[in-house]
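Quick look at what TrEMBL lists:
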- 1-189: region 'CPSase' (REGION)
- 14-144: domain 'Carbamoyl-phosphate synthase small subunit N-terminal' (DOMAIN)
- Ser58, Gly240, Gly242, Phe269, Gln272, Asn310, Gly312, Phe313: L-glutamine binding site (BINDING)
- Cys268: active site, nucleophile (ACT_SITE)
Amino acid sequence: MTTSARGATGKTADPALLVLEDGRTFRGRAFGAVGETFGEAVFSTGMTGYQETLTDPSYHRQVVVMTAPHVGNTGVNDEDPESARIWVAGYVVRDPARTPSNWRATRSLDQELRDQGVVGISGVDTRALTRHLRERGAMRVGIFSGEAAARSEAELLAAVRGVPAMKGADLCGEVATQQAYVVPAIGEKRFTVAAVDLGIKGMTPHRMAERGIEVHVLPAGASVEDIYAVRPDGVFFSNGPGDPATAEHPVALMRAVLERGTPLFGICFGNQILGRALGFGTFKLKYGHRGINQPVQDRTTGKVEVTAHNHGFAVDAPLDRVSDTPYGRAEVSHVCLNDDVVEGLRLLDKPAFSVQYHPEAAAGPHDAAYLFDRFVELMRDNNQHSATLMEDQRA
Ligand SMILES: NC(=O)CC[C@H](N)C(=O)O
């Protein structure tokens, strides 16, 4: 052992090594489980919400670097997770809290990472690492501690370079539910929504349920018949991990929904699926957007909102004009003010829209919650329209 330090438990933490695919290394201490892990190194600028980050299924196969220097202050509780387990492949922090303190906490972050077998590293200069990823782009990484670190750096680097890249990764099937389930409406039921789970975060159906929506969450492999079997007033496509260029089945499903004109809403991966369904391309951003402080402009109102993000890919659609698509006219409805990345799409001739960011904001500001209300309005207007047509037929 070359270095040692007291970990959160008071035990001596093993040294750990972080190896990037371009050969840069960072030394630190084991945090969470001891062993090895691999993934795509990405950074999140969220100052709060680490439990929600860890349990967001969109982080599957990603090693998350926290730019906030001090992580773990409020420990871990049973209410904040966005899914039933931690999905990040590895976790990189500068200075973990030694003594968590919060009335809801039942355990420490270090303990939770160990219990779930998630390998992390602490004591890393996360500012230098983040700058490196900003300059060179997101890239593959490995974290090694204990026995796993007892190899030459050349061997560790070869192992990192052997793992699959995020570009071309088809991952939704690995995180989505296998069984359909229902999230009941809170209060009076007003609408039924079929939500295609591509890696859904728990807060998303909750935000719909709060608005009187009964949400039928369906597996990623659901058929068009499965969707319409629930007699939906609207269809939702969730966030999810991996490269949207691989998502053939969700694109086909969405096209069937657009064909029928059922009100449609997509979040994050769902926005990329809508982009593809309309005939736009998607591409990998250099280092993506992750955090809860990204400025986005709603181009329909001109208003700027501060929003929660987690995406490494984006839709390639023109910002300066309305596009003709097989489903009518479409436009970019939202744009990121940092870099002009497409953050939302809207159809002008059909009740369909999507955003690249997270209006459910778990964690994050609630500026974008109005998007769930827009979905409700689309369903309400569509139902009224159908009712009028029925009356016309009877007259
Ligand atoms: N949160 C998401 O849905 C992410 C979508 C996609 N995996 C991306 O990284 O861009």
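Note: Cβ is positioned from N, Cα and C throughout, glycine not excepted.
The structure, with features from TrEMBL marked on it.
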{"residue": "Ser58", "record": "L-glutamine binding site", "DSSP (3 states)": "helix"}
{"residue": "Gly240", "record": "L-glutamine binding site", "DSSP (3 states)": "coil"}
{"residue": "Cys268", "record": "active site, nucleophile", "DSSP (3 states)": "coil"}
{"residue": "Asn310", "record": "L-glutamine binding site", "DSSP (3 states)": "strand"}
Once Ser58, Gly240, Gly242, Phe269, Gln272, Asn310, Gly312, Phe313 are set aside, which residues in the chain still have Cβ within 8 Å of the Cβ centroid of the L-glutamine site?
Gly199, Asn239, Pro241, Asp243, Pro244, Cys268, His311
Roughly how many Å separate the Cα of Gly242 (L-glutamine binding site) from that of the residue listed as 'active site, nucleophile', to the nearest whole number?
11
Starting from the Cβ of the residue listed as 'active site, nucleophile', draw a 10 Å sphere and report how many other Cβ atoms land inside it.
30
What residues, ordered by sequence, lie under 8 A Cβ-to-Cβ from Gly240 (L-glutamine binding site) and sit at least six positions away in the same chain?
Pro57, Ser58, Leu171, Cys172, Val175, Ala176, Leu198, Gly199, Ile200, Ala220, Cys268, Phe269
Return the residues near Gly312 (L-glutamine binding site) by Cβ distance under 8 Å, restricted to its own chain and a separation of at least 6 in sequence.
Glu40, Val42, Ala138, Met166, Lys284, Leu285, Tyr287, Gly288
Return the count of C-beta atoms lying within 10 angstroms of the C-beta of Phe269 (L-glutamine binding site), excluding that atom itself.
31
